[in-house]
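In what follows, a structure is listed as structure tokens, so that the remarks can point back to it.
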Amino acid sequence: MSTQRLRNEDYHDYSSTDVSPEESPSEGLSHFSSGSYQRFGERNSTTSLQTLIHLLKGNIGTGLLGLPLAVKNAGILLGPLSLLVISIVAVHCMSILVKCAHHFCRRLNKPYMDYGDTVMCGLEANPSAWIRSHSHWGRHIVDFFLIITQLGFCCVYFVFLADNFKQVLEAANGTTNNCHHNETVILTPTMDSRLYMLSFLPFLVLLVFIRNLRALTIFSLLANVSMLVSLVMIYQFIVQRIPDPSHLPLVASWKTYPLFFGTAIFSFESIGMVLPLENKMKDPQKFPVLLFVGMAIVTVLYISLGSLGYLQFGANIQGSLTLNLPNCWLYQSVKLLYSFGIFFTYALQFYVPAEIIIPFFVSRVPDRCHLLVDLFVRTMLVCLTCVLAVLIPRLDLVISLVGSVSSSALALIIPPLLEITTFCAEGLSPLLIAKDVLISSLGFVGFVVGTYQALYELIQPNNAPISLNATHASV
């Protein structure tokens, strides 16, 4: 899960600054000294361990389970190597964002800057008068891609929930307690996966009506525990009796590599949560070390699960690794546990676009209509994500499309350009400029090619995904 910005009150990001509703930002600023990274509101600051846990939690979601198919689209050798390279570049871009935010905090004597603030200030520091006069578009661009990314996550969650519940229910009559031998399972046809999505719609609408995320704390905790247990069970299965990998291609077709890029960058897209996490720390100077440690753990997790999942299931791997698990009650419960976690994670991912979009509409109606408009906009946004999921019901392509369109912009394209415009007046070495231009260019190429390939795959009727558990069940 990327970009979790937990806020304590509606329409105000108090958690990013730790200012209470009763304390005005100006009062919090009185405790801030120039040149310091210490944030105001220290009483609610997080420890290094808590920050590391939040960082790990923010990177574990549906994208992780889609990595085995991503490795298939790249090849058993090229896939893991590409994941490593993307991880290094993504972490470097996160470091760039933190460095630029610190630079403007010192320069402008501000205690905190989020992603949009940092980009806007970076454009204001540009020598070009035209760019400076349009610097406010920096925040609008970041907000736009945050909305696309987070609503894209929500679309993925609809497809994930529908696919997993559909498979569990269709195989219910043939589900056994035997998880070690291949058995023929007669699937009982049920309704189309799109109807499952519509079935989840009213429940998710009610879930997002909870506007204060503190009320979701217990559900978030249960979701994290269920997803952790599910991952442990998945790992212990995929490491057993791995088939001979000699028939798997070291490098896949170049036509499918853009799909790998979209899925990979979708999984690594946690750059939106970097500054909020750094801001809430008791000792922000330790954040760079925690960032490298946390992302190193995430990289090992991604590469291992992606590689082992592909090795275990080969060409039969599906859009989510859970869809390849055996049809026994143990692993059916794993699917349901992970789905339980994803269901409640929907509210967290939905919170970011809601906080950006809803105030725009609420501010234009009388006070007595605020709550009604708030709930109406929330309902329409959830319906929008459901409609998009119904239109694109292939989990692998939804993940790749969201990753290519928005995640690449936030994680790869914007940060290097931000570094150039932030420090250009202070002098930059040609090597650093070349490095930043190269990263942004590669991100832009991935954006264009990945988006094109995902859209191309959507209109190809012959590229339908495998719809059954071909390794451990057959019709």
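Along the chain as shown, residues are numbered 1 onward.
Here the Cβ of each residue, glycine as well, is placed from N, Cα and C on the backbone.
Note that TrEMBL annotation is computational and uncurated.
Note that the structure is a prediction, hence the values are computed from the model and not measured.
Sequence annotations record features per position, and here TrEMBL assigns compositional bias 'Basic and acidic residues' to 1-15.
As annotated by TrEMBL, region 'Disordered' applies to 1-39.
What TrEMBL lists as domain 'Amino acid transporter transmembrane' is 46-454.
The transmembrane segment feature in TrEMBL is assigned to 74-98 (among others). Distant neighbours of the transmembrane segment (74-98): 67, 115, 118, 245, 248-252, 256-257, 260-261, 264-265, 268-271, 274-275, 278, 287-288, 291-292, 295, 298-299, 302-303, 306-307, 310-311, 411-412, 415-416, 418-419, 439, 442; these residues of the same chain sit at least 6 beyond its ends, with a Cβ under 8 Å from one of its Cβ atoms.
Under the heading transmembrane segment, TrEMBL lists 141-160 (among others). Non-local neighbours of the transmembrane segment (141-160) in the same chain are 1-3, 61-63, 115-116, 119, 193, 197, 200, 204, 269, 272, 320, 339, 342-343, 345-346, 349-350, 352-353, 356-357, 381-382, 384-386, 388-390, 392-395, 398-399, 401-402, 405-407, 409-410, 414; each lies 6+ residues outside the stretch with a CB under 8 Å from one of its CB atoms.
Residues or ranges marked as transmembrane segment by TrEMBL: 193-210 (among others). Listed by sequence, the residues of this chain that lie at least six past the ends of the transmembrane segment (193-210) yet keep a Cβ under 8 A from its Cβ atoms are 158-159, 161-163, 165-166, 216, 343-344, 346-347, 350, 354, 375, 378-379, 381-383, 386, 389-390, 393.
Under the heading transmembrane segment, TrEMBL lists 217-238 (among others).
What TrEMBL records for 258-277 (among others) is transmembrane segment.
Feature annotation from TrEMBL assigns transmembrane segment to 289-311 (among others).
According to TrEMBL, the transmembrane segment annotation covers 336-363 (among others). Residues 1, 3-7, 11, 13, 61-62, 65, 143, 146-147, 150-151, 153-154, 157, 160-161, 164-165, 168, 200, 203-204, 207-208, 210, 213, 216, 219-220, 222-224, 226-227, 229-230, 272, 322, 370, 373-374, 377-378, 381-382 of the same chain lie 6+ residues outside the transmembrane segment (336-363) yet bring a C-beta within less than 8 angstroms of a C-beta in it.
The transmembrane segment annotation in TrEMBL covers 375-392 (among others).
Marked as transmembrane segment by TrEMBL: 398-425 (among others).
Under the heading transmembrane segment, TrEMBL lists 437-455 (among others). Within the same chain, residues 89, 92-93, 255-256, 258-259, 261-262, 265, 397, 400-401, 403-405, 408-409, 411-417, 420 sit at least 6 positions outside the transmembrane segment (437-455) and bring their C-beta atoms closer than 8 Å to a C-beta of that stretch.
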Best-packed against the transmembrane segment (398-425), counting Cβ pairs under 8 Å over 217-238, 258-277, 289-311, 375-392, is stretch 258-277
